[in-house]
Each structure stands twice: as structure tokens, then as C-alpha cells.
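Novice: OK, TrEMBL features for this one:
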type	residues	note
COILED	46-73	coiled coil
COMPBIAS	1-23	compositional bias 'Basic and acidic residues'
COMPBIAS	327-360	compositional bias 'Acidic residues'
DOMAIN	93-120	domain 'C3H1-type'
DOMAIN	168-205	domain 'C3H1-type'
REGION	1-26	region 'Disordered'
REGION	321-360	region 'Disordered'
ZN_FING	93-120	zinc finger
ZN_FING	168-205	zinc finger
Amino acid sequence: MPPKESKKAVEKDKQKKVEDKTFGLKNKNKSKKVQQFVKTVEQQATANANQKKVNHKAEMAKKEKELKEKAKQDMAAFLQPTIIQAKVPLGVDPKSIVCEFFKAGSCAKGNKCKFAHDLNVARKDAKIDIYTDRRNGEDKEKDLMETWDDDKLKSVVSTKQTQTNKNLKTAIVCKFFLEAIESAKYGWFWECPNGASCMYQHCLPPGFVLQKKKTKEDEVEEIPIEELIEEERAKLTKSTPVTLETFTKWKAEKKIQKEKAAKDAEEKRMADIKAGKTSMSGREMFVFNPDLFVDDDFAIDVTSKEFEVDPNDVTSIASTVDKSLFIEDDDIPDMSDDDEDEDDDEDDGEDQEEDEEDDE
């Protein structure tokens with residue numbers, strides 16, 4: 001990455017551009033037209049510098065985003081297992097085969113991929129066997145996990161578990177398998193993204209219980225909070241009814257307890273201060289001994305009216321100003337551009353005569 005230009009260098013470059021464009025102009029400090037032109041050039045230079053800065057920031061942000069995306073793709077490619085795409089037999093449409101990279105969630109081709117990005121393609125292309133009575137067996141397409149219980153789930157898992165997946169050294173259960181079970185996506189047509197040779201177990205962990213969705217009939221009606229309070233109140237046997245007399249007595253006792261607690265806390269704090277465990281605050285020091293806070297003889301009294309200004313005096317001074325000494329703005333004659341140029345030429349002539357006298 002090239003080193004960043006300092007602010008001084010950028011400002012110097014901008015000033016140089018302004019000077020280059022305004023080089024040779026006369027009466028920069030006198031003519032209004034020239035001053036307006038110089039001001040326009042300065043604004044253009046500032047706008048160009050700001051736009052250059054904005055474009056540079058946008059370009060750097062775009063490069064940084066591309067680098068992060070590339071690093072993310074490299075990390076995903078490094079961590080994911082090796083995926084082998086199935087070969088397309090002769091005469092078979094590739095769109096009838098599900099993309100293996102899409103199953104693993106790592107296909108970067110999108111719509112340009114020649115394989116299908118639809119997990120239901122296998123079900124759509126499956127042909128019905130007209131030589132078998134489908135009523136004799138289960139309709140697997142309609143046999144969804146939502147209608148299963150624990151025994152049914154265990155039997156399906158045991159049936160689908162391949163021989164290579166049964167005799168594994170590891171006892172870790174595949175995370176894709178557990179995610180499919182928990183999200184109710186597991187079924188007869190579910191396939192592990194790691195492929196048939198997945199190194200993790202595709203079996204239910206010990207003590208697993210299938211969580212079903214609760215229906216309105218299964219939901220237990222909760223007791224309202226009002227009824228619960230009334231039931232708890234009915235269980236109370238020894239209680240005193242609240243009247244004005246009992247409430248006043250209770251409030252007086254609470255007030256005495258509060259004052260006593262505050263007094264005990266104050267005594268404890270004073271004891272800690274005397275023992276040197278803590279220090280006094282400014283308020284406590286003032287209450288303890290107000291004589292400690294006495295101003296010096298030369299202190300200023302902020303409540304004194306000595307330095308206050310009477311607004312009436314200011315008004316009286318302002319009213320003595322003679323307004324007739326001033327003329328209105330409308331009475332001042334306007335100066336045309338030709339007059340300004342003549343004045344500028346006269347000033348140049350005077351300057352030249354002064355230079356000649358100095359040379360002599």
C-alpha cells in the first residue's frame with residue numbers, strides 16, 4: 001500500500017493549482033471580477049481534492065471487501081471435506097442431477113451451474129413402479145418425519161444407516177444429521193452433505209427424545225394471575241385486616257425504623273472518620289465546622305452590585321449619538337466596472353511613478 005499523502009502536501013498542491021490558474025492576473029486584491037474568478041478557481045480546486053479523496057476511500061473499501069470475501073472463500077474451501085461431483089451418464093440431462101456442491105452449501109456458480117440446485121429433483125424424476133402394488137408398502141414420499149414417534153424414527157435411522165457408517169471408530173454424532181432431526185428435515189430421501197462415506201455416526205444419541213410440535217389441544221391452559229393471587233390469599237389463615245388505624249400504626253413504626261437506621265449509619269460513619277478509615281465530604285466538613293470556610297479579605301463578593309451595568313445608562317449614551325452625521329446607503333452612488341478599471345489604471349500609474357522616483 002503506498003504511503004498516504006500528508007495534509008500539508010495536499011494543501012500545497014491545491015494552492016499551487018490555484019496559483020497556476022490565476023498567474024498573470026492583475027488587481028487580484030482590487031477588482032471584484034478578478035476576486036470572484038479567483039474564488040471560483042479555489043472552490044473548484046477544493047471540490048476536486050474532496051472528490052479525489054472520496055474516490056480513493058471508495059476504492060480502498062472495495063478492495064478491502066474483495067480481500068475479505070476471498071479470505072472467507074479460501075477458509076471455507078480449506079475446512080470443507082472433499083466433494084466429488086457425480087459424472088453425467090451419456091444422454092442424461094445434468095439438470096436432473098443435484099449438484100453436490102449445492103448440497104454442501106458451497107456452490108459459487110449459482111444459475112450458471114449445469115447441475116440442478118433443487119433437492120426435490122430426485123423426487124420429481126422418480127418413476128412410479130406399475131408392477132408393484134403401492135398399497136402393500138409404505139408411501140415413502142408421504143411418510144414425513146412430522147408424523148413419526150420415537151420408535152418410528154429409530155427404525156428409519158437404523159434402516160438408512162449404511163454398513164460403512166455402522167463400524168466407525170468415532171462415537172461423535174454427525175452435526176448435519178442432528179440438524180436434520182431437530183429441524184424435522186430428516187426422512188427417507190435425506191442425504192448427508194458429507195456423502196455416503198461420512199466419518200461421523202448417523203445414529204441417535206443415548207436418551208434422545210423426539211420433540212413434537214405442540215397443538216392447541218396439547219397446550220395446557222395456564223391459570224390467570226388474578227385467580228392465582230386469590231387462591232394464595234385464601235390459603236392465609238393468620239392475617240390482620242388492613243384498616244386506617246392499622247395502616248397508620250404500621251406507617252409510624254416504619255418511619256421510626258427508618259430514622260433509627262439512618263442515625264445508626266451516621267454514627268457508624270463518624271466513628272469510621274475518627275478512626276481514619278474514611279474521609280469527610282465537603283458537605284460534612286461544612287456542617288461540622290462552618291468556620292473553616294471563610295473567604296480572604298481580598299475575595300470578591302459575587303452578590304455585590306458594584307460591577308453591574310445599568311441598562312438605562314447604556315440607552316442614554318446611545319441616544320446622544322447624532323444620526324445626522326451618517327448618510328443612508330441609498331445616497332451612496334454605485335461604481336460601474338469602467339470606473340473601477342480607470343481607478344485601477346490610475347493606481348498602477350501612481351505605483352509606477354513611485355518606483356521610478358525610488359530608482360532615481
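Cβ coordinates are placed from backbone N, Cα and C, and glycine is handled just like the others.
Model, not experiment: these values are computed from the prediction.
Mind mapping these onto the model and telling me what they sit next to?
Specialist: The average per-residue pLDDT of the prediction over the domain 'C3H1-type' (168-205) is 77, rounded to a whole number.
Helix, strand and coil residue tallies for the zinc finger (93-120), in that order: 10 helix, 2 strand, 16 coil [DSSP].
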